[in-house]
Amino acid sequence: MINKDIYQALQQLIPNEKIKVDEPLKRYTYTKTGGNADFYITPTKNEEVQAVVKYAYQNEIPVTYLGNGSNIIIREGGIRGIVISLLSLDHIEVSDDAIIAGSGAAIIDVSRVALDYALTGLEFACGIPGSIGGAVYMNAGAYGGEVKDCIDYALCVNEQGSLIKLTTKELELDYRNSIIQKEHLVVLEAAFTLAPGKMTEIQAKMDDLTERRESKQPLEYPSCGSVFQRPPGHFAGKLIQDSNLQGHRIGGVEVSTKHAGFMVNVDNGTATDYENLIHYVQKTVKEKFGIELNREVRIIGEHPKES
């Protein structure tokens, strides 16, 4: 789909320096895997996102959105059409007890701003390696807290390029799910309503959560974060551990020996390695316990062409 007409049209909508052609996506994912994007766009304004989305819709060009690539696997075949990186939409503003943050802002950074202003409610996010857009998309959470507990609204763009402002209720936030996924929307910014707190207490809670995370999670290797959703009444990591799968490797990717809920890239692993290992773990746990493990990590892009 790389053609001159699309490139020239994009140049009319967004500055040329924000457009990359045939761009390797492994540079932008935590797994360090992924093929190329036909067109990789890095808008810095909401209006630029709207313009590109509207053009793509009118011309039936597929659009894919990327945040900081922390909970996603991109196949080696790459992504056709237009990939829009939202990382440059990274503003963070504080107004009384509320924080408004752009889609590309790291939720860790937003939690630290909350700390700076002695606002409580985002401590749970101090170790989540995702962007605001991704966090709202999947209702990210950790250690008993989640986005739906403190979000006020999200400003989104629909498939036609129109702006939509959704309240907490309208976002339909559920366990690792939201209306954003169901309606193929993209988050441009989100507002969080917090509460005044004591800085020392907020800091202490964040320090505790950070220590717990660092002691339990395999942060020394590239990974896609938590691979599976929590099955009702169970923990995915415990099921995988009890299936004796820790350390099991396919290609360069293995089930972490530190935390069975993670898969790490230990030796130049590929997206195909990740996908094959995920399927193997799902099959093994299903056979042993009769429990389906549903993915939390997103897998997108085309399979590599067979040589």
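Even glycines carry a Cβ here, placed using N, Cα and C.
As recorded in Swiss-Prot, the features of this protein are as follows:
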ACT_SITE  R176  active site
ACT_SITE  S226  active site, proton donor
ACT_SITE  E296  active site
DOMAIN    33-197  domain 'FAD-binding PCMH-type'
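Packing around S226 (active site, proton donor) is summarised by its Cβ count: 22 other Cβ atoms lie within 10 angstroms of its Cβ, all protein chains included.
Mean pLDDT for the domain 'FAD-binding PCMH-type' (33-197) in the predicted structure: 97.
Listed in sequence order, the residues of the same chain lying 6 or more apart from E296 (active site) and placing their CB within less than 8 Å of its CB are N71, M138, R176, G225, S226, V227, F228, Q229. The DSSP secondary structure for E296 (active site) is coil.
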